[in-house]
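To start, the structure itself, in structure tokens.
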Amino acid sequence: MVQYNFKKITVVPNGKDFVDIILSRTQRQTPTVVHKGYAISRIRQFYMRKVKYTQSNFYDKLSTIIDEFPRLDDIHPFYGDLLHVLYNKDHYKLALGQINTARNLISKIAKDYVKLLKYGDSLYRCKSLKVAALGRMCTVIKRVGPSLAYLEQIRQHMARLPSIDPNTRTILICGYPNVGKSSFINKITRADVDVQPYAFTTKSLFVGHTDYKYLRYQVIDTPGILDRPFEDRNIIEMCSITALAHLRAAVLFFLDISGSCGYSIAQQAALFHSIKSLFMNKPLMVVCNKTDLQPIEGISEEDKKLVAEMKDEAMKTVIGQGGEPTDEAGALLTMSTLTEDGVIAVKNAACERLLNQRVELKMKSKKLSDCLNRFHVAMPKPRDQKERPACIPQAVLEARAKQAEADAEKQKRKLERDLENENGGAGVYSASLRKHYLLANEEWKEDVMPEILDGHNVYDFVDPDILERLEELEREEGLRQAEEGDDDFEMDGAELTPEEQAALAEIRKKKSLLIQQHRMKKSTAESRPTVPRKFDKDKEFTSKRMGRQLSALGLDPTKAIDRARSKSRGRKRERSAERGDGIGNDAMDVDDITPNKKQRRSRSLSMQTSRSMSRPRGEFVPGEGYKDKPQKEKAIKMMKKSANKRNKDARRGESDRVIPTLKPKHLFSGKRSTGKTDRR
């Protein structure tokens, strides 16, 4: 099956854009620096490469255009004639021919100038030849600019054409304008064709798809056709004529018997007879539409005679190539797209006629006759003359009977939608929500229930057990209040002695002060953990204060103060002690022994090292999460390696925003010399 997808054709640039694209690519993809000090062979090769590369780009681009546009002689005749109707195939072929000629001219120019560049004797001469070659190529492209613009317009229009498969099962709808063709295709497919009450609303072919017997059918809506000479028909009508002439489809000729389309039945019959030659070898059906406005029995005798003649012509159509006439059923159908009366019947009849024709054509083909010779249908031989009907169990028969009764009941039962339509429609009919109430008496359903009766709320007396439930709720509420009272117990001061009452008042006062102080700290963002001394600016945490507090509690603060002072001794005092110990006992009698500067430095470094590095970094200690020492060394090595990149780019870390390169180097370096603004 051949599929035509005109949406994939590449965009055709105009002449100026074409030149800019090719020359920009040449400048970017070929070397840009050459000096007069180079060997003459190198200079020649430099400019020959530019000419050859430019010619290659032009050739590829033009070849793509020529190859992607369809050739009218190679595609289906339907698309060939459709393109001829829409674009005039002579202009189309002429435009493609000019593109092909331009491609050959560019190849010839490149060949000639490469031959001349082989004999260039200086940088200036080679450069001049290169400029001349590229200039002539650009001139050729600019001359075919109108053809490129014409092909781009054709490409845009072809991309909007419907995707019609000429070889699949097709139903074709034709007739005068405004007879209901677009309404019919909207009813039987998911197509959304514009429908308006005036002629020539549909100006091109529209395609929809429908299903029948698990097979997909394409339905084509054609623009309206007028009864006039072939030469006077416009492009819109010629699209319909092309589809009728070339598509192997079932044809539905729509007839407006009400005359509301603006054309009489006689005019429509004249159109039918003028184009009936296009209906040969196709299943044809005459469809009388708009029967809601005018039934077919109510038309005049003359119109009935015209409709009968069209029916006779439809019966003369043949199925396939054999020439067998069709039966009378289905040659003339009536329907109304407004009320959807007969729409599905018309669709099914058209699909069935088309399917029968396609099956018979295949049965008469030589390919099938070769296969039928190999088939043999085996029939079982009866063993006796006794009939053996199918045995259906009684349970299955009962289930079928119940299902039939349920279906009948379902059909008898009226829905709310049916009742609404019978009683005035939406806004007039009000559905009753009480008719499904389960009451002892059916007459009670529509009774009005009062809310206040004799000054009392009716709903207070609806539940007979309301008093018992109320008592249960009160008991439960009393139990819960008692539990909450036990939880919120607070000491009463009436049972205490005067000393205990004074202590209780002091405790409560202290508690309220602590709560207030805590709230103030929290509101001022001072609720932070204990901080080092260098941040204790107010000197709140001192050993003297601790001693006073411990003394107030009746404890001896001496040991606690000594311990705090030993913890907070400075490093200088420790170093001096160690330094004094390290001199040795022999130096005790010396009044002033001061080591030189080098010794002091080495000692301090050694002491710092011994104090800061208690063990080597790679030493394996169980419990650190490593299996053994090699695994720890490998982890440390990977950590150092991952930090190398961040150390090199110290200004930018993993979480910092990336600053993109504002001036890409390939666009701002080495392209133009001082004072030049021309790119090439």
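Each Cβ is built from the backbone N, Cα and C atoms, and glycine gets one as well.
Here the structure is a predicted model, which means the values were calculated and not measured.
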In TrEMBL, one of 362-393, 394-425, 458-489 is tagged coiled coil. Which stretch would that be?
394-425
Helix-strand-coil residue split for the compositional bias 'Basic and acidic residues' (625-636), DSSP-based:
8 helix, 0 strand, 4 coil
In the same chain, who gets a Cβ under 8 Å from the compositional bias 'Basic and acidic residues' (625-636) while lying at least 6 residues past its ends?
617-619
I need to check the long-range neighbours of the coiled coil (394-425): which residues 6 or more away from its ends have a CB within less than 8 Å of a CB in the stretch?
431
